[in-house]
């Protein structure tokens, strides 16, 4: 067990604080012989990169990844892959407010309670900056599951959801919100900008689909695919809810409505519905894996909130700095990365126990 | 890593199928010197026991637990605690339907795809019967965290939710639904009975609260309390969604609404709200831990559903037998057990890294 | 991590004390579809069984194993395999001596120091009785690696070693010492009997060979085959030394003497020597895996030894009861079992990372 | 589980190849609040550093460590500590011989068999260079166990052992062999130099003692201290044997000779001997932990050895380059580091299960 690692056979560990010299990830257990270079990883980091629109933080980090080990002549060797990203935009700043008083909604108070003190610069280890390491590791995971197609998008911001009738995956890359509904994207421009100008922030819902997962990945009972995915998603900063398939909506259905009936198909059974989100008994069914993730609104806001100081005195705090008005937006590539990381691990786990027979 | 184990330092493993001779759990890493006997475990099993009302399965199992190791003269010794529960009501039955065709919503097809075959009697390993082992292990966990008070209840069945204005914890033990709202409990009698008579089933939402958790348990980033709890809950049969604190509702709030402001209190800060469900940055804040869990409707229904046979031919199936019309009801003690198991583990983990200083 | 589990993907956990109702093991991660019944396990237990000659303890246990889960219609299902062995010969006895004073060489004092108290009946969890669970689990492991041939034997008792010129594997089953040298076996009869009559005990060296392991199992650097095997062997009661290949003798060789030169062979390279014990860089080379294990003399002796009581007063203690005069003898099936358990796990791990290509 | 990680709660992972840009370690689970800076780590690395005498490799690496995360204002924060050491002396060299043919005794063939290809430059991941990462991580471990005093030394080179009558710990730092016997050190000068001039190499035995470990660390049965230490030592390059306490010599003793009798002492029992090496039943007894480790002779020699090429043709190979004539010498700080890493982990594990009561 390891506090900062995730995965069972295909396993990654991350390290680094927002205001240290660098952050990074070590990916262990990667199969050998896969083509991998920095150019395979960088595009995913660029999607998550701050400073690309006024709807994300204005911190500017090139987030250039370096591979320090585990790759030889363009292929993975089977040894640990060390990935490093320098921190370049650590704007010199006065952190005395944050050092003295706890920002409600942040990890400040909990870290102090646990560790006795904390690295308060930019949130330290609890900063969303850590998610860049996940995105880098996720790019390695994608090389392990080349037949799986993963995509995520924002389906709701501040309670304003997309209309699934307008769903067009091609739109996702066309707006700064990873939004598949062009009309919603237009509405969100004003919505997010208003929150930003108010010094406030908005929550969001991110949906993710993985197509091409064969039936048979996942393992009952405590390595169930639902359980692994929930753990993965809930480990992302600001995430407070996860649904697989219909999730909470399934709790309002009757058994016959929630069943996913089957018919004979050319390559095994065809399913007539996918309420289960592609997972039954914790194991993939061959249908697309589907999940939804709730991001709370960014805790860093310019509106004063009641708080206490480290010395226990009443105070108010506002969190200056360059923050995402809606942290869920940049969560999209992170959700995708975690999906890839879980599935790569599950592919290898399945292969360990059951051989290549059903692996893919 | 282990497919059928959960936990890091305080760790349990379960084994057994619904129609084998017995099921059980092995609890490892339990602190020594805790008072423990079968009488401490049995009451929790009795809460989960089938056959106690017409709203749960009519299978009748005494679910009598035996402690086979790890306890000497009434106290835990620090060695593995082996818990065993005999299966007594394995009614002889014709399983040829289930052996031949896949029950939609069940693990049948996924198990076959993964393992090449399956123990089809009563669901085998995927049966909810396994949750009795969790409840037994959870009772051991409670001995590790005597100052933590855990309670769960059903807050919604088939879309009909409780009115929080009527919330009365004393009611939970007074009706067969673990329902804290006496009026809702009365409505649910008809609701669940109608579903049962229709041969259908209903989903449910279970809420769980743990009070008395000190600030400081949980560990960033991949052993975050949110992440561990989500994994624990999503490993329960039929669970498809988990929310910590406000969960998806937080995604519709603005930053200042979602903040949990603090004021000075007698023993550290007092929080004016608990949108975060008692967890910030993955670490407990000292507020009550709160979560919600979505149970899908029982997949075993008497209404015919389209399916395919193992040979790939079109068919229909109905699942005869003695099933829970709403599996979420008996999920209440299971959710509580998983909460206890996670918190016991986190207490020991925290103590490992940070010593007793902040442990409790 | 788990105190009482071993293995990574193919993983087993044991539970039970010598004087409880039963002991057992749970094997998790076993591939599905393997033929397995109690009749496949029992013969290995019979080899380890006490009371078969005057050279082993006179405790009489049938050591009859039951499979409680994980097997359906004679084949493993991929779910946890629960194995249980009842304790039947718990002779009622006065343990007050052992409860009061520490037996030097035993775990008594260390357990008290760690846990604050201990189950003193027959050594409790530290009894060699636990090794029956390993032997049962090892029999399952053998089913995972059918092409690997494992055999162990005693090569030295009380400093009297076999003559490798007399080495005849057929002899191993022909004497009560698992001795491949008929002449040594005759000498040991008197040697061990004398120690027994003196109320003393003898140490032993056990050697183990695994033939048929393909090149490629094991993983640098902390899952190296040498490391896994050393951990496995050193976890056995009374073991205090492990050598892979030439072990300490290699420390006295020069580089050119210790090299294992290679020549082209029909199926890959042929090695002209095996100083490395079949492992290079932590990975199997295709040569036989070879190791040696040192067992200390049984600590339970009838000769009085200075000790202290729980209250810290000077005392002397002799350990009455039915003990092995040379615990290394019955260690032979345990060493074989641990070898099988490590190799089964490594086969699956290799398959996870590298696929079936080189798995076997 | 993770191929390149070690430890349970206090856990480290290493990455890097001898000829990549850098190597490193990530230490996770470190308690917060410990004083730590690069100056605390560098001296241990300097002890292991190559090029300090003609008896070690002439490769010259400053081995300057950088702390990239997990430390704030001179104290550990409880988050992952990332340690990095640049590779600076990667002399441009022709590796075509090594790329084409397998060096007997090296990992070359086994890596190819496992992974299908390998990074052949300087041994890649299997290079002893990786041990610098362990030494760096071990320095962090020492901060966790400030009351434990660890020292190791070479007790035998090429079969020529020290005379324990001459044992003087002050000598260890006075010669290039970490030798506590000044006379042996003088003999070894010629012995090692002769081997070097012959283009050959020598094996060695390293002994390690840890004093100040309280009774109670370690955990039966598969996290036994003997087992953890054996795994740790056997994971070091070139190690082929491990003994705890008397090790193989104990196999030649009788029970009464091997007992470690106890007498009442001022602070608990006093032991009259330490055959057990400070560990009984897998748990520390409060006596010094003692172990011995066998290093095989360096496989890289200038004497031609029969081998085969990757294409399977007969060949001979000599390994040019700058190699240690006796790799065991520079193994001393590595053995110490692994001892520290195991004990730090066991301290935290003990604290997890049993609290601070007996922790130290």
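Here the Cβ of each residue, glycine as well, is placed from N, Cα and C on the backbone.
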Item to check | Per TrEMBL, member of C:254, C:263, C:322 binding FMN alongside C:125, C:126, C:127, C:237, C:238, C:281, C:296, C:297, C:298, C:299, C:300 | outcome: C:322
Next on the checklist: For the binding-site residues listed here (C:48, C:54), tell me which residue's CB has the most neighbouring CB atoms inside 10 Å.
Outcome noted: C:48
Next on the checklist: Using the alpha carbons only, what distance in Å do you get between residue C:296 (FMN binding site) and residue C:48 (NADP(+) binding site) once rounded?
Outcome noted: 18
Item to check | DSSP three-state assignment (helix, strand or coil) for residue C:127 (FMN binding site) | outcome: coil
Item to check | Residue with minimal Cβ packing [other Cβ atoms within 10 Å] among the binding-site residues C:127, C:298, C:300 | outcome: C:127
Next on the checklist: Highest Cβ count within 10 Å among the binding-site residues C:125, C:296: which residue is it?
Outcome noted: C:296
Checklist outcome for this item: Rounding to whole Å, the Cα atoms of residue C:125 (FMN binding site) and residue C:48 (NADP(+) binding site) are apart by 18
Item to check | Three-state secondary structure, which DSSP defines for residue C:300 (FMN binding site) | outcome: coil
Checklist entry - Counting every protein chain present, what is the number of Cβ atoms, excluding its own, within 10 Å of the Cβ of residue C:238 (FMN binding site)? => result 25
